[in-house]
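Here is what TrEMBL says about this protein:
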DOMAIN    B:215-327  domain 'ABC3 transporter permease C-terminal'
DOMAIN    B:570-686  domain 'ABC3 transporter permease C-terminal'
SIGNAL    B:1-24  signal peptide
TRANSMEM  B:208-233  transmembrane segment
TRANSMEM  B:264-287  transmembrane segment
TRANSMEM  B:307-325  transmembrane segment
TRANSMEM  B:378-399  transmembrane segment
TRANSMEM  B:567-591  transmembrane segment
TRANSMEM  B:612-640  transmembrane segment
TRANSMEM  B:660-682  transmembrane segment
Amino acid sequence: MIELNHVTRAYDAGPPALNNASLSVAAGESVAVLGPSGSGKSTLLNLIAGLDRPDSGTVTVDGVRVDGMSETAAAKHRRARIGMVFQFFHLLDDLTVTENVLLPARLLGLSRKAAEERAKRLLDDLGVGRFGDTHPARLSGGQRQRVAVARALMNRPPVLLADEPTGALDSAAGAEVAGLMKDLHADGHTIVLVTHDLALAEACATRTVRLADGEVLG
Amino acid sequence: MSRRIPAIVIALSALIAMTAAVLAGNLLAVSDGPFEDAFAAHNGAHLAVTGTNLPASAPGVAASAGPYPLAMVTARSREGFEIPLAIAGREEGGGIDALTLLDGRWPAADGEIVMSALPGEGPPPPGFAFTVEGRELTIVGTAYSVTGTASAWATPAQAAAWAKGRTQMLYRLSDPEAVDAAKAALGPVEAAASWLDVKTAAERDTGVYLPFLSAFGVLGLVLSGLVVGNVVAGAVSGGRRRIGVLKAVGFTPAQVVRGYVARALVPAAVGVVLGGVIGNLGAVPLLEAAGEAYRTVPSGPNPPVTVAAAIGLPLIVAVVAWAAAARAGRLRTVDALAPARATGRARGRRAAALAARSPLPRSVSLGLARPFARPGRAAAVLLAVALGAAAVTFAAGLATSLGEVAAARSHGLDVTVEAHDDPAGVAAKLAGHRFYGSRTTERIVSGRNTDVTGLTGDTALAGYRMTEGRWFSAPGEAVAAGPFLAATGTAIGGTVTVEGTTLTIVGEVFDTRFDGMRVLAAAGDLGMEPDMFYVAGATADEIAALGLVAEDSGDGGGQMIGALNAIAAAFTVLLVAVAGLGVVNGVVLDVRDRARDLGVHKALGMTPRQTVAGVVASIAPAGLLGALLGVPAGMALHTYVVPAMGSGAGTKLPVAALEVFGPGLLAAVAVAGPVIAVLGALCPASWAAGVRTATALRGE
C-alpha cells in the first residue's frame with residue numbers, strides 16, 4: 001500500500017530530516033513510527049501525504065507515485081486516498097463541528113445531503129454526534145481529536161495518517177483516542193501512526209518502526 | 001513580501017498626496033501673487049475708459065492719465081488676413097499703466113506701431129507690415145501693458161489721425177473694488193475695461209487646474225490615511241507575540257507604539273521626498289504658464305508650500321499611525337505572549353454558517369464568509385477599493401468632459417477655404433458641398449471690446465454648443481458667450497447693439513476665445529461677408545479642383561486639455577496602484593492570519609486553484625461594494641469639480657460636458673472596483689496557493 005524507497009529530504013543547510021529512508025506498509029497494516037523529536041517522523045508522514053516532496057527517492061501510495069506530483073495532483077491524492085489526524089487537531093475555529101467534518105467531502109464535490117448523512121453517522125459512531133452544531137473551541141481535547149478523526153474518515157480513504165494524535169491530550173483522552181485508532185485498524189484501515197509514545201504504539205500498531213536522525217533503524 | 005508591500009503602499013500613497021499638495025499649493029500661491037505684483041509694479045489702471053470728452057477726475061478716482069487718442073481699425077496683412085486693432089497714441093512708460101518695451105523700439109514716426117504682447121499669443125514680430133486704410137503700418141517693437149489697455153501703440157499723432165475723436169482715459173481708484181461706482185460717476189462712456197476682468201482672465205489657467213488638483217489631493221490624502229492606518233493596525237494584530245516579547249524585555253508601551261509609528265513614517269518620508277521632487281518639477285511648467293500670463297519672470301515653485309506639505313503630511317501619517325498602534329501599547333504582555341488561538345473567535349460564524357449552506361463551491365463559500373471574521377480589515381480594504389473606483393470614475397468622467405469641451409471648441413471641418421477677395425464667388429463654387437463661412441472682427445459691443453463673428457451657410461456644422469437658450473435662427477438674433485453676458489449684464493432675451501444694428505440674444509454659447517467676449521450672429525445681420533469657409537465631407541484636393549485655395553483643417557485640440565488629461569491620467573494610475581496595493585496589503589495580512597487554516601484546507605485536499613478561488617472570493621464583496629460606493633462618489637466629485645473648472649475658466653460648460661455618465665461609461669467604470677480587488681488579491685492568493693502545506697501547518 002505504501003512504499004518509500006531511499007528517500008532523502010533536507011531543509012536548508014542542516015542535516016537531512018530523512019536520510020535514505022525506506023519503508024513498506026502493507027494494506028490493512030497499522031504501523032507506528034517511533035522516534036525522538038527531530039528524528040524525521042513528521043517529514044515521513046508529510047511525504048506520504050504529498051504535503052512535501054523528497055529531494056531524492058520515491059514515494060508510492062496505493063500504486064501511485066506521489067513524490068513528483070504537482071500541488072493540484074497531490075491535493076486530489078489526499079482527497080481520495082489519505083485521511084490525516086494532527087497532534088493539534090487543526091480544526092477550523094469558525095466552522096461548526098459538522099462543517100469541519102463535511103469539508104473534505106465538499107471539496108470532493110459530494111452533494112451536501114449525502115455528505116451530511118455520512119458526517120452525522122461518523123460523529124455518532126465516534127461519540128461526538130451531539131456536538132454537531134458546536135464550534136470546536138467549546139470541546140475538550142479528546143472530543144476535538146474525535147472530530148478530527150471523523151473528518152479524516154469522511155472520504156473513506158484507504159490510508160489514515162496520524163501525527164502524534166495523543167500528543168496534546170491528557171492521559172484519559174489519550175487512552176480514548178488510542179482505543180479509537182485500534183478500532184479503526186480493526187475495521188481494516190491502513191494506518192501510519194507517528195508518535196514518541198511507546199504505550200500508544202504498542203496499543204494500536206501491528207508493527208513499529210524506529211527513526212533516529214532521519215534514518216530508519218528497523 | 002509581507003514586509004515590503006506595506007512599506008511600498010505607504011510610500012506610494014504619501015507620494016501621491018505630496019505631489020498633489022505641492023502642485024495645488026503652488027498654484028494657489030501663484031494665483032493671487034504675480035498679477036498683484038505686476039499690477040503694482042506697472043501702476044496698472046483700475047479702469048480704462050473709451051469715449052469722448054472723458055473727465056480727468058470723478059468721485060472715487062484717485063489719479064488719471066490721458067486722454068490718449070484711440071483708433072479702432074482693421075489691419076490687413078499682405079496675405080489677406082485681417083486683424084482688428086485698438087491703437088492708442090502713447091509714449092513708452094507713463095504714470096498709470098506704465099508701458100514696458102519688451103523688444104524692438106518705440107514708434108518714432110507715422111506708419112510705425114508697437115504691438116501688445118498678449119498672454120498666450122505671439123504677436124507678429126517687428127518688421128511685419130500691415131495696411132490700414134490703404135497706408136502701410138510697420139511693427140517696430142513689442143510692448144506690455146499689465147491691464148491690456150490697447151492691442152497696439154503708435155505715436156499720438158498717428159493714432160489721432162485714425163481715432164476720429166475717440167480717446168482713452170486711464171484711472172486709478174481710491175477703492176480698487178469699487179469699479180462700477182467709479183464708472184457710473186464718469187457718466188456715459190463708449191467702453192470701459194475693469195482691472196478685475198483682466199485679473200480674472202489672468203487667473204483662469206490656474207483656476208482650471210485648481211479644482212481637479214484639489215480633488216486628487218483630497219483623494220490621495222484620504223487614501224494615505226486609510227492605507228497607513230490599515231498597514232499599522234495589521235502589523236499590530238499580526239505582531240502580538242513580538243509586542244509581548246518587546247514588553248517582556250523592558251520596552252515601555254510608548255516605546256512599542258513609537259516603533260510602529262516609525263515603521264509608517266520611514267516609507268512615508270520616502271514618499272514625501274519623492275512627491276516633493278515630482279510636485280516641484282511638475283509645478284514648473286504650470287508656473288511658467290502663469291508667469292507668462294502676468295508677464296513676470298516665473299518665480300518657480302514656492303518653497304514654503306513644499307515645506308508646509310513636507311511637515312503636514314508626515315504629521316498626518318504619524319497621527320493616524322499612532323492611533324492605529326495605540327492598541328499595541330494597551331496590549332497586556334501576558335495576553336500578547338499567550339497562544340493566539342486559545343479560544344475560537346466569535347466573529348463571522350453566522351456568515352460562515354450561511355456561506356456553508358450556499359450552493360457555491362466550498363472553496364468559494366469559505367472565502368465569501370471571510371470578511372465577516374475581520375470586519376475592520378474588510379472595511380479598510382473596501383474603502384481602498386471604493387477610493388480607487390472613485391478615482392477611475394472621476395477621471396473617466398473628466399476625460400469625457402474634456403473631450404466634449406475640446407469638441408465644443410473645435411469649429412473647423414475637413415477643409416478650410418480662404419475667401420478674402422470674393423466670398424460670394426467662393427460660396428457659389430461650394431454650392432454642392434456642406435459648408436459654412438465665417439468672419440471674425442473686433443467691435444465695441446455694449447461698451448466692451450468684443451470679438452464679433454458673422455456666420456453664413458449651414459451654421460449648425462460649426463458645432464457650437466449651447467450652455468443655455470438656443471442657437472440663432474431668425475434675422476436679428478444672436479448668441480453670446482457667458483463671460484460677455486456677465487461682463488455686460490446682458491440676459492438671454494436682451495439686446496445688444498453692434499455697429500448700429502440691434503440684435504436679440506437668444507442663447508448663451510460655449511466659446512472661450514477672446515476671454516469669452518464673443519457675440520455670434522448671421523453675417524448678413526452684421527453687415528459682414530465671410531473670409532473663411534469650412535467644408536465638410538471633402539478633401540482639400542477636391543475643393544482645390546474648384547479653383548479655390550483650400551487646405552486640410554488641422555487638429556484644433558487645446559494644449560491645456562492635453563495637459564489636464566495627462567495629469568488626471570497620472571494621478572488616476574497612481575491612486576489605482578495604491579488602492580490595489582491597499583488590497584494586496586489587506587489580503588496579505590489575511591492570508592498570514594489564515595496560514596494555518598489554509599494549510600488545513602490543503603491537507604484536506606484543497607487544490608491550489610481552489611485556494612486562489614477562495615482568497616479571491618474573500619475580496620469579491622469588497623470589489624462589488626467598492627464599485628457601489630466608489631462609482632457614485634466619483635460621479636459626485638465630477639459633478640462638483642467639472643463645473644468648478646468651468647467656473648475657473650470663466651464659463652459655463654455645455655450640458656454634454658457635464659452629463660457624461662451614460663450607460664456605456666457607467667458600465668465601464670463599474671468594473672473598476674472588482675478589477676482592482678481581484679488584481680490586488682491575485683498575487684497574495686497565488687502566494688497562499690504556493691506555500692507548502694507542511695510549512696503552513698508547522699507554523700502553528
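Including glycine, each Cβ sits where the backbone N, Cα and C put it.
Mean predicted confidence for the domain 'ABC3 transporter permease C-terminal' (B:570-686): the pLDDT average there is 86. Away from its own ends, the transmembrane segment (B:660-682) comes close to residues 381, 385-386, 388-389, 392-393, 396-397, 400-401, 404, 576, 579-584, 586-587, 612, 615-616, 618-620, 622-628, 630-631, 634-635, 638 of its chain (Cβ-Cβ under 8 Å, at least six residues beyond either end). Same-chain residues lying 6+ beyond the ends of the signal peptide (B:1-24) with a Cβ under 8 Å from its Cβ atoms: 209-210, 213-214, 216-217, 220-221, 223-224, 227-228, 231, 234-235, 263-264, 266-272, 274-276, 278-280, 282-283, 286, 301, 305-306, 309-310, 312-314, 317, 567, 571, 574-575, 577-578, 581-582, 584-585, 588-589, 592, 684, 687. For the domain 'ABC3 transporter permease C-terminal' (B:215-327), DSSP puts the residue distribution at 100 helix, 0 strand, 13 coil. According to DSSP, the secondary structure content of the domain 'ABC3 transporter permease C-terminal' (B:570-686) in residues is 101 helix, 0 strand, 16 coil.
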